[in-house]
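Asks: Sharing the features that TrEMBL gives for it:
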- N36, L38, G63, E85, D111, N141: S-adenosyl-L-methionine binding site (BINDING)
- 43-234: domain 'Ribosomal RNA adenine methylase transferase N-terminal' (DOMAIN)
Amino acid sequence: MASSRTLGTFRLPPLPTIREIIKLFRLQAVKQLSQNFLLDLRLTDKIVRKAGNLTNAYVYEVGPGPGGITRSILNAGVAELLVVEKDSRFIPGLQMLSDAAPGKLRIVHGDVLTFKIERAFPESLKRQWEDDPPNVHIIGNLPFSVSTPLIIKWLENVSQRNGPFAYGRTRMMLTFQKEVAERLTATTGSKQRSRLSIMAQYLCDVQHILTIPGQAFVPKPEVDSGVVHFTPLTRPRIEQPFKLVEKVVQNAFQFRRKYCHRGLGMLFPEARRLESTGKLLELADVDPTLRPTQLTVSHFKSLCDVYRKMCDEDPHLFAYNFREELRQKSKKDDDKQSCRL
């Protein structure tokens, strides 16, 4: 293995620019995949610097595309960079980078939503959850179409300490549509406060560290982008199973302009909805006239703790889905109408 000094001072040799790579391999952003390319290496260098000191680090980059951020990561002196790219059109350009950085860049042609990262890096990198984060980083300029399902998947991984977080409290720095970045970091009472705010903030320290104007991308998207940094907390602010927290939070925010009791009521069957919702809010000490955006993470902790006890008392409660009850009710009404005819 090369010395730390060699790793820390590595620079890529002269290469075609990203714009030239795009022309050389006849690459075009696919609108249906919400692809947008960053061509300005000064900007990609700035983004990578925001991830912290990457000297000798192991980095997992998702959606590298033509390789703009990839170049900046390699120039940061990493020990190894693993990129996962679904679109085969980008592989030749990435291979050119790999040839220019022998032993540093590993390319996987695959889907980040299904790729198993937990065995990709050396076991020696693993740290106890309570320790400082491992020298493993996730960096990505995510296509807008995949960003929300991917961050929810990774947040569930954080809660279960598996996937990328089998190494410990792996840090992430990801690019989102600006509105999504604002939701992830929104404070209590903000109009951007949402399900994503709670799900991210109960598990991680979340910071919106940079806004990238739309004109920095090719093709130019209709909206700006936001770079968000995540550091998993040593102890989650809500200590309940991820799926339970997700269910409570989703229901609370489905009627975001109404009082919170309206959405939370959908956790319970219609026959006992009023009584059960009142019990939940009373035991959790939550004002039923608060709007969902006014609920703090502490409010959600209390709600989840009480809901968990109610589910323990009634084993069928957690499986209840109000939409399924509505569907069954609608079906019965249709059957009755058919009989009359």
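For all residues, glycine too, the Cβ spot is worked out from N, Cα and C.
Remember, TrEMBL labels are computer predictions, not curated facts.
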Asks: Let me spell it out: for each of the binding-site residues (N36, N141), count the other Cβ atoms within 10 Å of that residue's Cβ, using every protein chain shown. Which one has the most?
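Replies: Most Cβ neighbours within 10 Å: N141.
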Asks: Using a 10 Å cut-off, grab the number of neighbouring Cβ atoms around the Cβ of E85 (S-adenosyl-L-methionine binding site), all chains included.
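Replies: 24, counting other Cβ atoms within 10 Å of E85 (S-adenosyl-L-methionine binding site).
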Asks: Roughly where does the domain 'Ribosomal RNA adenine methylase transferase N-terminal' (43-234) sit in mean pLDDT, to the nearest integer?
Replies: 94
Asks: How many other Cβ atoms are found within 10 Å of the Cβ atom of L38 (S-adenosyl-L-methionine binding site), counting all protein chains shown?
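Replies: Around the Cβ of L38 (S-adenosyl-L-methionine binding site), 22 other Cβ atoms lie within 10 Å.
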Asks: What is the maximum Cα to Cα distance, in Å and rounded to a whole number, among the residues N36, L38, G63, E85, D111, N141 annotated as binding S-adenosyl-L-methionine?
Replies: 21
